[in-house]
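Novice: The structure's right below; bear with me while I get my questions together.
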C-alpha cells in the first residue's frame, strides 16, 4: 500500500531518487504547505512560458469537464420537462419518480466500469466514451414516442453520466500541479452548475411551444456540447500517471513538461509518480486484487474510504438533487401558480448555484477544503430548516413564497461554495495511485445511488409526511454532515497526491486535520 513511515527513503534510493530530490520520506508531522507554495509563487517571476503552461492546464481542465455540462443540463432540464412529459404522455407520479431517479441509479454501472475502463484505455478516451453514450441516450429521449422508449434513452444517458462523473476529477487531479489542483478539480462541479442553469433557461425558453414538442426540444438541445467535446479530444493529452503505469515514460515526461512550470518540477513529479507506479506494478495489482484491498482495507485505506466515499454520500443525502429536480414542485407547494412563473423561479435558483460555485473556486486553494466545508454544511442545515418552516406556514402567502425562494437559493449557494465541488476534489485526492480509479468509482457509485434513492422517493415521502416534513429530515441529515466533516475530513490543501497518501497513515492527523472551527468563523467574518 503506498508510502509508509521510514520506507520511502529506502525505496526512493533503490529507484535512483535521492532524498533531497524526493523529500516525502520524513516521519515528522506534516507542516502546512501553503506558505511554501505562496513564497514560491512570489519569488518566481511570471514568464511567458509560465503563463502558457497555466493556460494549457486551464484549457485541459475545461475540456475534461465538458461531460459535466451534460449531467447538469439533464438535471436542470428534466425538472421542467417533466411537467410537459407528464401532460403529454400521461405518466403517473410513480413513473415520474422512476424517470427522474433512474438516471442516478443506472449511472452506477458506468461508474463501476469507469475505473477498469480508464485503466485499460486511458483517462482521455474514457471521457470520449462517456460523451458518446450520453449523446446516444439524449437522442433517443428527444425522439421517444412513449414512456418505455423514453426510459431506454434515460438508461443510456445514465451509463454515460456514470463514466463522466467518475473520470473527469481523476483526470484533472492527475494532470494538475499541486498548487492549483483544488481549483482545477472543482471545474466539473462548475460545469455541472452551468449545465443546470442552461437546463433551467431552456425550460423557460421553450415552455411556450406546444406540449408534445416543448419537452423534446428541451431534451434534444443537450446534444450540442458533443461538438465541443469532439474538438477537445484533439487538444487534451493523456494523464501522465496513466502513461507511467503503461511504462510510457517519455510520453509522460512530455505531458509533465507542458503542465509544470520548471524542469525541476517535471523531474520531481515524474520521480514521485514512478515511485508510486513502480510499487503498484511490482506487486502486480490486478483488478481483483485491487478490489480485494478496497473491500478488506487496512487502517489507512479504511480512513481514505471513509473520507472519500463518506463525503460523496453526504453530498447527496442532504437532498440537493431533490431540490434541483423538484424545484417547481417545491415552489408550487409554497404557493406560486402557473408553469411560466414556476420555471422563472427555477432560473433564479440556477443562477445562484452557478455564481456561488465560482466563489468556491476562488477560495478553495486559498482558504482550504475544511473551512469551506464547515461554512457549507452549517449554512445548508440552516437553510433546509428554514425551508421546512416556510413550507409549513399556514396559507403560504407572499411571506411563505419569499422565504421559500430565499432558503432554496441559500441552500444551493452554500452547497456550491463547499460540499458540492470539494466532494469531488477530496475523492480524487485521498486515494493512492494503484487504488485511485477503482476507489473513486466506488465513491461515485455511492453518490449516484444516494441521489437515486432521494429523487425516486421524494414525491412519495412528501405525500406521506408533507414537503415541509421532508425538508426537515434533510436538515437533520445536513447537521450530521457537519459532525462528519469535523471528525473524518483532513485538510489536503497544498499537498501533493503522494503526501496526502502518507497523511492517512496517521490516525491522529487524519481525525484532527489541520483546520479547526475558528478558521471557518474567520472565513465567515471576511465574507
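The backbone N, Cα and C atoms fix where each Cβ goes, glycine too.
If you look up TrEMBL, you'll see 1-25 marked as region 'Disordered'. Look at TrEMBL and you will find 56-85, 97-113, 125-144, 151-172, 178-201, 213-236, 342-364, 371-393, 399-427, 465-485 tagged as transmembrane segment. Per TrEMBL, the feature domain 'Major facilitator superfamily (MFS) profile' maps to 60-493.
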Novice: Under 8 angstroms for C-beta pairs, at least 3 of them, ignoring pairs fewer than 6 apart in sequence. Is the transmembrane segment (178-201) in contact with the transmembrane segment (399-427) by that rule?
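Specialist: By the criterion, they touch.
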Novice: Should anything in the same chain at least six residues away from the transmembrane segment (465-485) have a Cβ under 8 Å from its Cβ atoms, list it; otherwise answer none.
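Specialist: Here the qualifying positions are 310-311, 314, 317-319, 322, 329-330, 333, 370, 373-374, 377-378, 380-381, 384-385, 387-392, 419, 458.
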Novice: Could you tell me what the rest of the chain brings near the transmembrane segment (399-427), counting residues at least six beyond its ends with Cβ under 8 Å?
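Specialist: Distant contacts of the transmembrane segment (399-427): 169, 173, 181-182, 185-186, 188-190, 193, 307-309, 311-312, 314-315, 318, 320, 323-324, 327, 330-331, 334-336, 345, 348-349, 352-357, 359-361, 363-364, 369, 372-377, 379-380, 382-384, 386-387, 389-391, 393, 440, 443-444, 447, 481, 489, 492.
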Novice: Between the stretches 151-172, 213-236, 342-364, which wins on the count of C-beta pairs under 8 angstroms to the transmembrane segment (56-85)?
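Specialist: Ranking 151-172, 213-236, 342-364 by Cβ pairs under 8 Å to the transmembrane segment (56-85) puts 213-236 first.
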Novice: Quick one: average pLDDT across the domain 'Major facilitator superfamily (MFS) profile' (60-493), no decimals.
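Specialist: That stretch averages a pLDDT of 85.
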Novice: In the same chain, who gets a Cβ under 8 Å from the transmembrane segment (371-393) while lying at least 6 residues past its ends?
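Specialist: Apart from its flanks, the transmembrane segment (371-393) reaches 314, 318-319, 330, 333-334, 360, 363-364, 399-400, 403-404, 406-408, 410-411, 413-415, 417-420, 422, 466-472, 474-475, 478-479, 481-482, 485-486, 489, 515, 517, 519-520, 522-524, 527.
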Novice: Who are the chain neighbours of the transmembrane segment (151-172) in space, where the CB to CB distance is under 8 Å and they lie at least 6 residues beyond its ends?
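Specialist: Sequence-distant neighbours of the transmembrane segment (151-172): 60-61, 64-65, 67-68, 70-71, 74, 98-99, 102-115, 117-118, 123-124, 126-127, 129-142, 144, 181, 184-185, 187-188, 239, 424-425, 427-428, 436-437, 440-441, 444, 447-448.
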Novice: May I ask which of the stretches 97-113, 213-236, 342-364 has the most CB pairs under 8 A with the transmembrane segment (125-144)?
Specialist: 213-236
